[in-house]
Amino acid sequence: MATIQERFFALPTTAISDATGGHTNIDSSIKPLSDHFKVAGRAVTVRLPDGENGAVLEAISKAQKGDILVIDAKGNKNRAVAGDFVISLAKGLGVQGFVVDGVIRDIAAIRKLDYPVFSLGTTVAAGHKHGGGVVGVPISVGGVTVHPGDFIIGDIDGVVVVQQEEAEQIAEAAEAKLTKDEAREKEALANGEESIRAYLAKVLAK
Ligand SMILES: O=C([O-])CC(=O)C(=O)O
Ligand SMILES: [Mg+2]
C-alpha cells in the first residue's frame, strides 16, 4: 500500500490543482531551477526577516528526511536565502527540496548537486545573518498559506499545497481526475483524425 507521500509523488501537479480547485497553487513566478525536478513531501516552514537567511540553518536542523523547506522571504530578490553550501547541508541530511518566495545563489554549483529548488530566481548577494526568523509557523508563500506539515508537491508546472487534513481526499480526487483524463486522451487519439473528430463532435453536442 503506497503512502500518501508516494501517491502525491506519482501525481502531476496539474491533477492535484484540478482536485483542489486551484486555490492553493503557489504563484507561478516561483519556478523550478531545472525542468526535471519533482518533489512531494511535508513542509517545514520558515519565515525570514527581510534580507536575512540565518533561520534557514535552524529549519534544516529540525527537518525530517523527505521534508521540504518552504521559505517565506517576502519576495526579496536582492539577498539569497541559500547558496550551494546551505543546499549541500540540506541535501546531506535528506531534506528533499526548497520552495522559496525569494532567491538563491551559486546556481552552477546547485545545478551540479541536482537538488530541487523552486524560487523566484537568483542573485549574487548572500542573506544577512543578524538573526531573527521563525521556524515551524504558518507562513505565506506565493500568495498561499502554508502550515507546518502540509504537503508540498512541485514539478515543472509549478507548486501546489495540500493541507494535511485534506490530503487523503485530495489524493483520491486527483487520482480519479488523472484516470479520467487518460481515458479521454485514449478515446480521442485512438484512431487519428476519425477518433479526434468523433471526440470533438461528442463534446460539442453537449
Ligand atoms: O552563505 C550563504 O548565506 C549562502 C551561500 O553562499 C551558500 O550557502 O553557499
Ligand atoms: Mg556560497
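A Cβ is built for glycine as well, from the same backbone N, Cα and C atoms used for every other residue.
Unlike curated records, TrEMBL annotations are generated automatically.
TrEMBL lists GLY83, ASP84, PHE85, VAL86, ARG105 with the feature substrate binding site. Sequence-distant contacts of PHE85 (substrate binding site), defined by Cβ-Cβ distance under 8 angstroms and a gap of at least six in the same chain, are ASP106.
Reduced to three states, the DSSP call for ASP106 (Mg(2+) binding site) is coil. Taken from TrEMBL, the feature Mg(2+) binding site covers ASP106.
Looking just at the coiled coil (164-191), the mean pLDDT is 97. Per TrEMBL, coiled coil is recorded for 164-191.
Across the residues annotated as binding substrate (GLY83, ASP84, PHE85, VAL86, ARG105), the two Cα atoms farthest apart lie 10 Å from each other. Sequence-distant neighbours of GLY83 (substrate binding site) (same chain, 6+ apart, CB under 8 A from its CB) are ILE104, ARG105, ASP106, ALA109, ILE110, ALA126. Within 8 Å of the centroid defined by the CB atoms of GLY83, ASP84, PHE85, VAL86, ARG105, the record's substrate site, lie the Cβ atoms of ALA80, ALA82, ILE87, SER88, ILE104, ASP106, ALA109, ILE110, ALA126, excluding the listed residues themselves.
Under 6 Å, Cβ to nearest atom of ligand 2: this is the test, and of the binding-site residues GLY83, PHE85, VAL86, ASP106 it is passed by GLY83, PHE85, ASP106. The Cβ of ASP84 (substrate binding site) has 19 other Cβ atoms within 10 Å, all protein chains considered.
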